[in-house]
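Trainee: As annotated by TrEMBL, region 'Disordered' applies to 1-21. According to TrEMBL, the compositional bias 'Polar residues' annotation covers 9-21. The feature transmembrane segment is assigned by TrEMBL to 53-79. If you look up TrEMBL, you'll see 112-214 marked as domain 'Late embryogenesis abundant protein LEA-2 subgroup'.
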């Protein structure tokens with residue numbers, strides 16, 4: 001009887017390698033190709049350098065502010081600077097009329113008194129533009145004062161002619177002006193002065209800065225026939241404000 005030959009069975013290791021009992025997990029499939037994490041100390045160094053730079057910049061700015069404050073305090077103690085004052089001395093109206101065609105004719109003489117109350121500060125003014133408007137900001141006329149140097153403890157009288165010839169007005173503005181000029185209370189007016197001024201204290205001279213002077217509380221009446229009238233300025237008060245440009249758009 002012939003002997004039977006049986007096929008040789010694979011061992012457990014070989015069978016497991018050829019026919020795995022379970023599928024491989026994602027961690028097993030991609031674990032070998034995943035890059036190893038390495039810390040990047042360069043970013044931390046960059047952040048530390050930025051923080052140090054910001055800190056020193058802030059300290060430098062604070063030191064400059066402190067130095068400026070100390071210098072300002074020293075100048076104030078030495079010179080005791082005060083703002084100049086302005087007063088409306090007179091406002092003489094020769095013509096102030098609104099025509100039937102809604103056109104404004106103005107002829108006004110303005111006197112303003114400027115005082116420098118300081119003992120050690122001299123002011124130097126650029127030419128001063130003058131604008132005369134109503135309380136509703138309706139333009140009445142324009143003029144100007146010349147440039148001048150304002151000495152210590154000095155009082156200067158400034159004179160200007162404010163005129164407008166056939167200035168066109170819209171219907172609403174013309175109606176308001178006509179009504180106000182006929183009123184017994186008078187037409188309320190404001191004066192706006194714009195210029196640049198520098199201050200000199202001994203050998204120190206500041207750069208020129210813009211200032212605006214606004215005078216309110218003026219009551220004007222229209223002249224009758226050819227007789228000029230004088231506006232009431234007894235209640236007029238003038239305020240001086242600095243006009244600094246922190247940022248200039250281009």
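Placed from the backbone N, Cα and C atoms, the Cβ positions cover glycine too.
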Trainee: Taking only the residues in the domain 'Late embryogenesis abundant protein LEA-2 subgroup' (112-214), give me the average pLDDT of this model.
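Mentor: Computed over the domain 'Late embryogenesis abundant protein LEA-2 subgroup' (112-214), the mean pLDDT is 92 on the 0 to 100 scale.
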Trainee: What are the DSSP helix/strand/coil residue counts across the domain 'Late embryogenesis abundant protein LEA-2 subgroup' (112-214)?
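Mentor: For that range the per-state counts are 12 helix, 62 strand, 29 coil.
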